[in-house]
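Asker: Provided herewith is a single structure, encoded as structure tokens, for subsequent inquiry.
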Amino acid sequence: MASDIVDSSNSLNRPPAAEEKSEESQNSPTNKSATPAPPKSTIWDKLPPWVSANLRSNRARKMWLRCWIASWAAFIIILPNKSLSTLGNAAFFSLLASFMIPANMPVQLFLFALSTMVVGMCLGWGLGAAAMRAALASRNQLVLKQSLLREQQSVAGLSNPDALFQADIFAGKFLDTRSTVVFGCFLGLGSFFFALIRAYAPKLIIMSVFGTVTLDIFCSYGPLFPFGEYTIVNSLLISVASYIAIGIVLITLVFPETVNHAALIGTSDLIGKLKHMVDIQQRVLDASQEDLVTGQPLANKLQAARAGILVQIQQVIASTKFIGGEFSWGKWNGDDITALHEPLMSVVSRTSALHSFAKLVGHPRFTGDSASEQPSEPSDASSSSVSNVFSGDTYLLRQLRERNNATEAQHSVRVADLLPVIEDATSDLRNACSAGLASVKTLLDGINSRRYARKGATESQQQLADLDQAIERLNICLAEFKEHKRLILVEPFQSLLQSADTTKGPMPLRSLYVAYVFAANLVVLARAILKLMETVQATAAKRKKNRLWMPGGLRALAKAIVSRGETSDQAAGEDNVPQAEEEVKKEECAYKLDPDSRPPTNALQRAASTIHSLYKWCKTPEALFTAKYVILTIVLWIPAICHRSAHFIYAEKGLWALIMAQTTLNIFASDQIFNYVARILGTFFGAVFGLLAWYIGSAKSNGSPYGSAAVMAVFLVPLTFIRLFSPPQYLPGVLLFVVTYALIMGYSWIDGHLPVVGNPGIGWPIAWKRFVQVMIGCAASFIFMMLPPKSGRKAVRLRNSATITSLSFLYRDIVAAWISSEETSLTEKRISPAHSVEWIPGFRDRLLAVAAQLQAVKVQTMIAKWEGSIRGAWPGDEYMKMANVQTEMISSLALLGGALSQVDSHMRLSFLQYTRVVNPNFIADVMATFSLVSQALRTGEPFPQALRQNLFDRLHYHGNVGHRSLATGGDVTHEALHRDHLNAIMQYEYMFYATAVSAVFQMLDGLNELREIATRLCGEVPLQGFARWKDEYDRAHVLA
């Protein structure tokens, strides 16, 4: 939970890179004619983007300064002897806490984040105290009295009997078997509980970790005491309380900020990125088709911009989950900001769909690059050339494409010929969209920056007036485009349309459909932007004065705690890729039956079913992880309660090995290996930094307060920067880096100034012991990881299967909306008709959820490479390509949903019988392909070669059969259909209809590619001679 809050706050505090802003200004329509000289390389360009962007950000520097002061103050308080005596032998924990939960968030979130740590420690404390109470009750009181009597006699007459008695306690002289067993039972139970939290609620990882640490301390040292010692962890809690006080003072006084303020900044940043995405379409229209081919700089830039927008909207929504639990001062309250989520998500989904046009224009079929269409492996060894043809495009499709290309070139209506026409037709609307987003961003920035200013009312009114003008301008541009500007797109085809009655064969309208894709998506985007502008306008009109807003309900906070799948959890080293499998199960649960038994009907059957469900859970990765966690904890705990090793474990801080083993254990082997590398490197560099800092500040002495304070101030500058701004994937290593540094500096000072049993050492002894303990813990967790290992590679395969199934559900629902009518909607109330907009918000939310799952799957795919190649090379590139193809299909489905929502109901129903993409037989083929690919990935079974069909070929086949049956079975002729189609081309609604059809074609292209990738991964069972016969059959049935 705390890691989620920290990283959500961090993401909002990270400003956009300055390079992006400068490029945005260069790419604006007003500067499109200029050709700026390439910028000179500066030192900023040589730094990683996360370093240069934050060094140049005022907000980032303020947050950096605040966290630096907090960490330095957390160390300063342990230097005086009086405060050190009060804090105790865990005084270094105040510095460690400043690294674990830095003061980089509003005070309410800061307290909420630290409360997870405190609650975890209190839970561990409570379990430990209960264990101690039960253990003391289980002791043989007679034996205990005899042991205490012998100890009293042995220390009688000594100058310091208390010190000797304390030494004997930690030497294990009072260990009792029954008492130790009770502690072990409580340790196993508590470890099981905290492991379940890690597995099922990754946001509560800090609570889980520190609860486990506290319980480890109690159960490792508690059996050594012959009496109740319930204050073992007092020092930890006092140190944490000290840091909490420091953090609250600094967050309140040094550059204070509320969640409301941070959320508005994040929202403004997102709107800026959306504006940049709109502005960059000018470069798309000016570019050549080759510049838009996948892998080219412009294409990569578009993909990166879209990915950045999807990540940003997730961060904005995640941050506002906690906005209802704070006091804030300003014009807008938390509900006003969260009200922007729905229109923002609509704009984001429409903006991400803009990439579909660039993808279409840069497709090899339009650029003439056929190399990328060739398959990598033949299906039939006897005839590789024939197999290559079949596994790519069929002979029929190539024939159709050749004819279409020749006709397009003859009439100068190729896609490249239409790009200037599209630019001219959409220029005003694009500029109005960009200006509208800019006015919203300016208004939000003004509201956010004038929270405490008494003046500025005139400027606020002017910004609201500018927004009103931008709304009016966008409405005018939309009306002009609907009435006049859209017809510019049809002008190159006027001669073709006029001669349609005398021309035989299909008309070359493919490029017109591509132009309609851009225009229709721009119209849908403009309407979404208009809705966002109107929402902001209405809120700004009624919120004109700053006021104090009270906290709202806390139910949203509880929901945020138990939710799964945030990237910050992944950064903390947890396997928390959004559970797409769970979404699939929820979708299928209403229809899925158990083939081995019917539903239980009596109490006995229900009990047996519950036991069966528990048995199935025991085989899940989460259950296996929990079992490993408990057993590992008990095994590494045993040396701490043995007579011969108890003192050694306490004196040499063997508890570190136990804690490290627990924290490095992960559900999947790939995550664990990645964490090994990151944490071992982090420990090594932390030890190096710690040794440098200690010996520079204190040389060979026990520690100089002035030297230690000075050197800490210097070394904290880079340490806090790295902790605050390093990319999330490096966070496990960064945490061990700063924690090791804190342990060396803190323990060295404590050992030199506070008498403790079993002094750990000063400087170098602390460093090498810490490193050895880390290696021991990693080695122990590695052994348990292999008993048996859970492959992250298999998880990647299964999650790809699940996301493909989720895509099939999205396709199913949108096709159901397409084919529905007013009559069927009355009987099938689950499916909303396409002319209704009720299905759009739910569809959009599910679309963005699948997009988030795919982003996390990509991260998991990169981590899975750490498992090595023991059995053979893992095709990680194929899985990454599969995830990228699914991401492109998300854009196609977004385009399809946006276009279908604008199609006139009458046109949709009138064209329904003649639209090939909704032919029921073709829909069945598409759903079968989705299911086939998903099942093959889920089971690892190979494909039958006979089912390797190109969906475009199936579309043409079903379309021809359907049209022939219509012509022979009814009054409608092909000529009448052709005439109705030509008449509809000039209609406004037809633009959206054509876009919907094009979006289906684009999705089919991705599904074909998924089928090819899955074939290369899972294999194919050949049907001897099938490829040759397929090619002969196609050539025999050529087009007339």
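Every residue, even glycine, has its Cβ placed from backbone N, Cα and C.
Below, the features straight out of TrEMBL:
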COMPBIAS  1-13  compositional bias 'Polar residues'
COMPBIAS  25-34  compositional bias 'Polar residues'
COMPBIAS  369-388  compositional bias 'Low complexity'
DOMAIN    47-490  domain 'Putative ER transporter 6TM N-terminal'
DOMAIN    650-784  domain 'Integral membrane bound transporter'
DOMAIN    789-1020  domain 'DUF2421'
REGION    1-43  region 'Disordered'
REGION    366-388  region 'Disordered'
TRANSMEM  63-80  transmembrane segment
TRANSMEM  110-132  transmembrane segment
TRANSMEM  180-197  transmembrane segment
TRANSMEM  204-224  transmembrane segment
TRANSMEM  236-255  transmembrane segment
TRANSMEM  512-530  transmembrane segment
TRANSMEM  623-642  transmembrane segment
TRANSMEM  676-697  transmembrane segment
TRANSMEM  703-722  transmembrane segment
TRANSMEM  729-750  transmembrane segment
TRANSMEM  770-787  transmembrane segment
Asker: Going along the chain, which residues at least six beyond the ends of the transmembrane segment (703-722) come within the CB cut-off of under 8 Å?
Answerer: 54, 64, 67-68, 71-72, 75-76, 79-80, 99, 102, 689, 692-694, 696-697, 734, 737-738, 741, 745, 748-749, 752-753, 762
Asker: Contact between the transmembrane segment (512-530) and the transmembrane segment (204-224) is defined here as three or more C-beta pairs under 8 Å separated by at least 6 residues; is that satisfied?
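Answerer: Contact between the transmembrane segment (204-224) and the transmembrane segment (512-530): absent.
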Asker: With DSSP as the yardstick, break the domain 'Integral membrane bound transporter' (650-784) down into helix, strand and coil residue counts.
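Answerer: Once the DSSP states are binned, the domain 'Integral membrane bound transporter' (650-784) shows 110 helix, 0 strand, 25 coil.
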Asker: Residues of the same chain, at least six outside the transmembrane segment (729-750), with any C-beta under 8 angstroms of its C-beta?
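Answerer: 7, 75, 78-79, 84, 89, 91-93, 95-96, 99-100, 570-573, 674-675, 677-683, 685-687, 689-691, 693-694, 698, 703, 708, 712, 715, 719, 722-723, 756, 760-763, 766-767, 770, 774, 859.
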Asker: Tally Cβ pairs under 8 Å between the transmembrane segment (623-642) and each listed stretch (63-80, 180-197, 512-530, 676-697), then give the stretch with the top tally.
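Answerer: Looking only at 63-80, 180-197, 512-530, 676-697, the most contacts with the transmembrane segment (623-642) come from 180-197.
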Asker: To what whole number does the mean pLDDT across the domain 'DUF2421' (789-1020) round?
Answerer: 79
Asker: Cβ under 8 Å to the transmembrane segment (770-787), counting only same-chain residues 6 or more beyond its ends: which ones?
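Answerer: Contacts with the transmembrane segment (770-787): 628, 631-632, 635-636, 653-654, 656-666, 669, 672, 676, 679-680, 683-684, 687, 736, 740, 743-744.
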